[in-house]
Structures are given as structure tokens and as C-alpha cells.
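Participant: What follows is a single structure, and I will ask about it in a moment.
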Amino acid sequence: MLLGGPPRSPRSGTSPKGPWSSTGHVQFGKSPQTWPRRTRPRSPEPAAPSGVRGSTWTRRRDSPRRAGPTALSRYVGHLWMGRRPPSPEARGPVPRSSAASRARRSLASPGISPGPLTATIGGAVAGGGPRQGRAEAHKEVFPGQRVGKMAAPMELFCWSGGWGLPSVDLDSLAVLTYARFTGAPLKVHKISNPWQSPSGTLPALRTSHGEVISVPHKIITHLRKEKYNADYDLSARQGADTLAFMSLLEEKLLPVLVHTFWIDTKNYVEVTRKWYAEAMPFPLNFFLPGRMQRQYMERLQLLTGEHRPEDEEELEKELYREARECLTLLSQRLGSQKFFFGDAPASLDAFVFSYLALLLQAKLPSGKLQVHLRGLHNLCAYCTHILSLYFPWDGAEVPPQRQTPAGPETEEEPYRRRNQILSVLAGLAAMVGYALLSGIVSIQRATPARAPGTRTLGMAEEDEEE
């Protein structure tokens, strides 16, 4: 077909630039790899006509005959312009991406607007298709992202429960309540041996990165950094009220709470020391409750300051009077609300609950402040509501039945008794060994005593022999 001649179809037309002076060859058919081998030499490359800018390919590209994407897309990879196609031997091996590169060049031509089929080809070449793009998106890994690994959960070590509470320790109960309010994903270990904690004290938090935090307010600060913040919706005024009431609790209510459980002789012997002695393993139950009492006495001295022994009775009356005023103020601030700042709990509710629940649930023989607290009905209902809502089984008097309670308990009972007996024997052996090594106890071999007439009889026998 000679270019520049009259159009052969209604769709074709004369180029707006006029008929082309050079002749070219357009051949539609099979791929050049299937053509027979040529025997005659190649025809020379036709020179571009004078007065026309660009090569034959550029002029052919700008022709309006190439404006139809549907007609062109069928022949992508089978169209050669300007000269006869060479033989496969002369061209050499064709790379696999030749058809894709030709399609990409045809799509980049300014005279072609991509149609449905052209857009599909371009998407397959450039992006690998929608399925491949989604597959590659799933394989993408961002900086700092762990592939195939999940972060270790946070672990909270706290004192075990008693008296109908999830924990009998003030700090442990406050941290545990705050975690329940925020829904923090914690793996809770309720233990009665502080030496099993990673820090040696309770409560303690082991973060997902392995860091150990043992101070209660630092534990709560870490939970807030992990986006578990119970005070997120509080206003500036409510935040200021939280700080004010927290200071009031530490200054007015905490000294009386320490005095009630650890200093008052009757309460300490019949309630506090009894619970810790029964919960702790041997031999910690012999000396650890007394050590904890001394620590709380030092803490109370820091809170109240130094005072003379004769002023202890007057100081105790003053502390209990201020504590009753603090409870009355809390009752007035709570009113008929579910929580101190509305229908959602905050950090203040966690600390107030930990203070009030210990006073309310423990069966104290000497409960001066407990009587006043039970007279404030809204505070009692407040504690009961939190226990039933956030600790339905931990705070209940009757714990839920286990599915297989007989198996592990019956197996552990003889081993527990055996361990206790072995511990006692090991302690006795250590004491006896220490006494022998230090010289407190010495073992001497006893010489046999001779009878009184033995020496006289021996002397008589010697005289007879002489």
C-alpha cells in the first residue's frame, strides 16, 4: 500500500499536512518470527522529504489515522513503518519486553488517547495489574515494622486478693483498677511472694519492651503513653480537681489507712498479719510481715512528721478527725453520680475506690473510721458498683467454680506438704551445721571409766609375781 494515495475506507482520510511524497510499506499479518527467510537484499531507508519536519515515524504518528485506539490496539506489536521488515536472522533474538516496550511507546504518543483495551495494556505493563499491585502492597514492610512477630504483652505483678477484693494492697488495687477502667491488655500475675516479682516489690509492670516499672504513678504514666488514658475526656477544670483530690487523699486519708491496718495493734494481729502469714510461703511468713510493718511505720512518720511519744494519742485523734472530714467531702462531691466526673470512670475513681474498698471490705475489730464510712451510703454504693461492674468474680465473696478443680489441686497438695517437710528438715540441718562449725556445740568421745577395785587387784597381782 502506497502512503499518500486516495483513502481506501470511509474511516480513513487525507492527512491535514497533504499527501506524503515518500513511499512506505505497511504490512499487516503475523509476527516477523514466522515469516520465511528473505533472499533479496534490504531496500534502502527512504529519505525524509524536504519541507517536512521529523522522520517518517513521526509523521505517521501524528496522522489522524492513528486516532482510533480500538483499531490500533489490535495491531500493537504487528505494525512496521517506513521499510520492509528484516528477517529474524538479521534482527537476532527478540527480547520478551519488546512488545511491552512498543505498547508503552504507543501509549506515550501524543496522538493517542488510551481506550479501554489500551488502558488495560498500560496498567499491566506499568503496574503489573491490579492483582499484582495488591500482592506487592501486602509484601511491603515499613521501617520499624516486625514481620511475622507480635509484641509481647504487658505483665502486671500485684498482691493477691482477699476480703472480697481483687487485691489487699493499696497500690496494687489502684493500678489494677485503673487498668480495668482503660481496658489495657495486661497479663496479671496475682502473687503473695514479692520475691517472684521482677523488681522484688509489688506492684510491678513489665512492659512489652522488657522494661520493669515498680512505682504506681509511673505505671499509670506508662499506660497513658500506651494510649490507655482514663482522663482523656476531662476538661481543664476537671483535671485540676483530680490533682486537688489526689493531694487530699494522700494528706488526709492515707495516714489513717496506714495506721488502721499496720499500726493499730488489734487490727494488725487479727487481720493484717494473719492474712499475710497465711498467704506467704514458708519461711517468708515468719519475718516478712514484720518487715513490712516497719516500712509502713517509716512511711507514716514521713507523712505526719516527727512527734513525741506522749503526743501519740492526740495525734491519732487529729488524724481520724481529718479523715472523717475527707470522707464527707468525697461523699458531697460524688453526690448521686456513678463516678466523680459523670458516667465514665477516671483516674481519680481508681484511687478513691482503692482507699474506700479496703476500709469497707476488711473485717476490722477496731474500725473507728469504718463506722463513719458505712454511714455514707453513696460511697458504699459507689464501691459496690465498681466491684460488680469491673471485678465481677475477683470482688465476689464466692469465686467461680473451675472446670477441673480436682485434678491440679489434688496433685499439688501432697507435693506442697512434702516441700514444707523438706524445708523444715533443711532448716534444722543448717542450724545444726552452723552450731557445730561455730563451736557452740562440740562432740567429745567419752573414755570408759574403770571400776574402783580394778587398780587394787592389779597391784596385788604384781606383788604375787614378784
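Glycine residues also receive a Cβ, built from the backbone N, Cα and C atoms like all the rest.
Pulled from Swiss-Prot, these are the listed features:
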type: COMPBIAS; residues: 1-19; note: compositional bias 'Low complexity'
type: COMPBIAS; residues: 20-36; note: compositional bias 'Polar residues'
type: COMPBIAS; residues: 90-110; note: compositional bias 'Low complexity'
type: CROSSLNK; residues: K187; note: ubiquitin cross-link
type: CROSSLNK; residues: K190; note: ubiquitin cross-link
type: CROSSLNK; residues: K227; note: ubiquitin cross-link
type: CROSSLNK; residues: K317; note: ubiquitin cross-link
type: REGION; residues: 1-133; note: region 'Disordered'
type: TRANSMEM; residues: 421-441; note: transmembrane segment
Participant: Report the nearest neighbour of K227 (ubiquitin cross-link) in space among the recorded sites K187, K190, K317, comparing Cα positions.
Facilitator: K187
Participant: Per residue, counting other C-beta atoms within 10 angstroms of the C-beta, which of the recorded sites K187, K190, K317 reaches the highest number?
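Facilitator: Of the recorded sites K187, K190, K317, the most buried by Cβ count within 10 Å is K190.
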Participant: Could you tell me the C-alpha distance between K187 (ubiquitin cross-link) and K317 (ubiquitin cross-link) in angstrom, no decimals?
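Facilitator: Cα of K187 (ubiquitin cross-link) to Cα of K317 (ubiquitin cross-link) measures 42 Å after rounding.
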Participant: According to DSSP, which kind of secondary structure is K227 (ubiquitin cross-link) found in, if we only use helix, strand and coil?
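Facilitator: For K227 (ubiquitin cross-link) - judged by DSSP and reduced to three states - the answer is coil.
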Participant: In angstrom units, rounded to an integer, how far apart are the Cα atoms of K317 (ubiquitin cross-link) and K190 (ubiquitin cross-link)?
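Facilitator: With the alpha carbons as reference points, the distance is 36 Å.
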Participant: Counting every protein chain present, what is the number of Cβ atoms, excluding its own, within 10 Å of the Cβ of K227 (ubiquitin cross-link)?
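Facilitator: K227 (ubiquitin cross-link) is surrounded by 9 other Cβ atoms within 10 Å.
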Participant: According to DSSP, which kind of secondary structure is K317 (ubiquitin cross-link) found in, if we only use helix, strand and coil?
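Facilitator: SS state of K317 (ubiquitin cross-link) = helix.
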